[in-house]
Amino acid sequence: MRALWIVAVLLVGVEGSLFELGKMIWQETGKNPVKNYGLYGCNCGVGGRGEPLDATDRCCFVHKCCYKKLTDCDSKKDRYSYKWKNKAIVCGKNQPCMQEMCECDKAFAICLRENLDTYNKSFRYHLKPSCKKTSEQC
């Protein structure tokens, strides 16, 4: 549990209910979320933007788009509840916006798991200024 708290602290600046998001990624992928996704590609982590480099990076792009659609909540501060039940994420009974945030994070963690085979270690600490602008909109 202490390691997950450290993960949450290291993710400061990344949108969302950080502690829960970090746990979801760890549970779904078995990977350390900060080390493996904190600066991955063009769209993961703080300041991410640009044309996705691969399917893993596209997960981050879609996640940011999902957050842009949230209503009446602060994706940087509000916290939601969820459970890890039978190796599946189950969002708890939350207020509407926090429920939406939980669903965004759940879809993101599942997307990362489903695209583990595209994960490219050379994109792990990718320099954002080298990312090409994308015409793709949310």
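Each residue, glycine too, has its Cβ placed from N, Cα and C.
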Cys73 - recorded disulfide partner, Swiss-Prot, among Cys44, Cys97, Cys102: Cys97
Disulphide pairing with Cys44 per Swiss-Prot - partner from Cys59, Cys60, Cys65: Cys60
Disulphide pairing with Cys111 per Swiss-Prot - partner from Cys59, Cys65: Cys59
Candidate nearest Cys73 (disulfide bond) in space, where candidates are the recorded positions Cys42, Cys91, Cys104, Lys121, Lys133 and distance is Cα-Cα: Cys104
Three-state secondary structure, which DSSP defines for Cys138 (disulfide bond): coil
Least surrounded among the recorded positions, given as Cys44, Cys66, Cys104, Leu127, Cys131, when other CB atoms within 10 Å are counted: Leu127
Neighbour tally for Cys111 (disulfide bond), based on other Cβ positions within 10 Å of its Cβ: 17
